[in-house]
Each structure stands twice: as C-alpha cells, then as structure tokens.
C-alpha cells in the first residue's frame, strides 16, 4: 500500500509542479528565445537613426549603458519570481504579483497601470511597424519597376488591417505556455532581418567607400539643424534606445510559464527558476546588444547623419529589391509573435479578473470543444475587440520613431529600473542610507531623469509628425 502511494506521488510529481499546476516544460533555450523575441524587435530598425542623432560616442555609450542597466535589473527581477525565498518561496505568476508581495498594495496598483499601459502601447507600436514594413514591400517592388525617382507612395491602412486580422487569430492562443513555437519562429525572423540589414549596410559601405558623413556627436548644429531641434531629436533617440530594451514587464510571465521547477522529493532536481532565468537574461541581453551594436554602427557608417528612421522601410536601400522584401517580411512575421509575447499578460489579467468577478457567468467561463481546441466566447470576443481597437489607434498615429521613443521612455524607468530596485531593497532588507541603498537610489533617480527628457523629446516628435502629416495631406 505504501509503495502504491509512493508511486502515485511520483507520478504526480512528474505531471505537476509544486504549485499543483501542470508541469512547465520550459528550458533555458525556450526562455532565452522568448526574451530575444521580446527584445530584438522593431527597436533595431531605428538604431542607425539614433546614431545619426547622437554620434559615435553618445550612441555607443547609450547602447552599452542601457544594456548593462537592463541586465542588472533583470537579475534582480529574476529573484522576485518567488517570495520571500527566491528558490522555495511562493510563486508570483506575473510582475504585478511580485510587486504586491514585496512592496504592498499601493505600488501594486501603480505598477498595474504602468505595466499594462506599456504593454498596450507596445502592441500599437508593433502594429505601426508591421504596417510600414508591409507597405515597404509594395514600394520596393514599385521602385524596382518604375525607377528610384518615382514617389511610389502608398497608404498603410490596408496593411494595418491585414496585420490586425492575423493577430485576431493568434490572440486566441490561450497563454504563454502555448507560444513556444511562435516565439522560436519569431526569434529566427528577428535574427534574419537584422542580418539582412547588416549585410546591406556592409555592401553600401563597400560600394561607396565609406564616404557617408558621420561624426563623433551626430548631426551638427547649423542651418539645417537648429540647436533646439538637435536637443529634441537627441532626447527622442534616447527614448528609441530605451524602447529597444523594454522587455522587463514580461520577464516574470516568461519565467512563470517556461521555468523549470524543482522536484523536492526526488534525488535529482531541476535548476531553480531564478538561476535559469538569470542565465536566460544574460543570453538574451548579450545577444540583443551585440546585434544592436552591429546594426547601429554599420547602419550609421553606411548612411551617415542622413540615416533614415527605419533603414529597411526608409529606402536607404533599393536593391536587391527581393532581399529588402524578404527582410520586411521577416519583420512582419517577427512582430506577429512579439505582439503576442507582450499582450498575453494583459489578456490573462482581464480574463482572470472577469472570472473572479462573475464566476457563474457561462459566457465567461464555459469552454466549447472544437476538434483538438477549445473555444471560449468571452476570450474570442474581448481579445478580438482589443486587437481591433489597437489597430484603429495605430491607423490614427502611424509615426514610427516618436511612438517607439515615447513607449521606451514611459517603460524604462518604472518597470525596468524603479520596481526591480525597490523590490530588491525590500527583499534583501537593505539598510536605509547604507552605501548600497544610496547608489541604487541614485541609479533610479538618474534613470528617471533620462526617461523624462526622452518622453519630452518623443512627445514633441509626435506633435511635429502630426502637423507635417496634416500639411502633406492638405497639399496633396
């Protein structure tokens, strides 16, 4: 009898984690793939433009500083998946739960507003970028047939709608646990289009003999660039770089669904989640920074101070047109996956809240079998409605660089810096006014200042873009 019970317990341990949920199947590879999917996104496309505004010195320094800060705070955040002990404590299944467990209710509410607002903004930004890339394929073919002197102007709205329709289908994927294949495909696509951009930049440098005008400080102040405009574009570029590292809001969600959980009653156990996630964060941030640095520096060397805001859609390159088309197609495929990586936590939050609020409502709770899948009418209706609304907003504000900069500025300080540092101070019981406490507070304050000026520059950029857009359409 005792042997039978032991075998039953062993079977349960093989099928379920220590929290009673179905055993997670994630690995270091799948976690790293999710992180790279979230990190290497549309941000890589604007880095040549960022270097054009900042120059060699500030551009390189900004990338490295943001990378180190993001990596450091990710290490802190990985220990917050369980509380109070980072290995044996109670699981926090998302970023907000970690904040609530470590900092309390008020900061939990502020975190919720910040996190979900940023995730929503990121999906809008991805929709904008995907629409631009899809339209760029049509323009690339037009330039190839009609010549580079043609305008080949096209509206993005039909492509935005197409992207939204695909996302409505993908949004029916229930949770992160079912996204592994999507993330791996998206990661491959991100490396592919980044590699295409690198190859095209090298070809352009070789063709022109490195004659593009670059400088240590970026576009010089002068007749074409007043000092005020230089200041604002510099701030906006900093926001774009911050956006390139804005994956911390989904780090704990990735850890919750993909981590390997310890099996306490067996001789051999899996690595603790925090150790696996620290390694995954190191791999993800290192790989992303290497690609960012290569793309930014080679793109700047190829185009100089006139680098376009998006170097695969701004038509710094015209030929070979098929390669540019393929690169933009890879961007679209990647963003289809990245969209889901970012929005799944928000979907889960709304649906869990709804089920707690109306547990007897069958429209919300009932699952209908459809072959191997299950359809929930509430999930189908609300997720589809969200995608439609996000697509409409993207159609109203189709401005790439300024929108990315605003999202990055709004994300970086609260979610990448402030909350991880505050949770670490609370968990580790760092003494107030000690050396560690002081330097962490100084780091947080410095990042707040950077975020504020970047947000100001991006808001101004949006205003200018809207005015220019209206002027263009009134003339045409």
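Cβ atoms here come from the backbone N, Cα and C positions, even for glycine.
According to TrEMBL, the features are:
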type	residues	note
DOMAIN	25-463	domain 'Amino acid transporter transmembrane'
TRANSMEM	28-49	transmembrane segment
TRANSMEM	56-78	transmembrane segment
TRANSMEM	113-137	transmembrane segment
TRANSMEM	181-203	transmembrane segment
TRANSMEM	283-303	transmembrane segment
TRANSMEM	323-342	transmembrane segment
TRANSMEM	380-397	transmembrane segment
TRANSMEM	403-421	transmembrane segment
TRANSMEM	442-463	transmembrane segment
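The stretch in 56-78, 283-303, 323-342, 403-421 that contributes the largest number of Cβ pairs under 8 Å to the transmembrane segment (113-137) is 323-342. Contact between the transmembrane segment (403-421) and the transmembrane segment (56-78) is supported: at least 3 Cβ pairs lie under 8 Å, counting only residues 6 or more apart in sequence. Counting Cβ pairs under 8 Å that are 6 or more residues apart, the transmembrane segment (323-342) and the transmembrane segment (181-203) reach 3 or more and are in contact.
Non-local neighbours of the transmembrane segment (283-303) in the same chain are 28, 32, 35-36, 39-40, 43-44, 47-48, 50-52, 56, 59-60, 63-64, 67, 70-71, 74, 191, 194, 197-198, 200-202, 204-205, 208, 210, 212, 214, 244-245, 247, 311, 316; each lies 6+ residues outside the stretch with a CB under 8 Å from one of its CB atoms.
Sequence-distant contacts of the transmembrane segment (56-78) (same chain, six or more residues past either end, CB-CB distance under 8 Å): 47, 50, 86, 98, 214-218, 234, 237-238, 241-242, 244-245, 247-248, 251-252, 255, 273-274, 277-278, 281-282, 285-286, 288-289, 292-293, 296-297, 300, 412, 416-417, 420-421, 423-424, 443, 447.
Within its own chain, the transmembrane segment (181-203) is flanked in space by residues 30, 33-34, 36-37, 40-41, 44-45, 48, 170, 173, 291, 294-295, 298-299, 301-302, 311-312, 317, 323-324, 326-328, 330-331, 333-338, 340-341, which lie at least six positions past its ends and keep a Cβ under 8 Å from the stretch.
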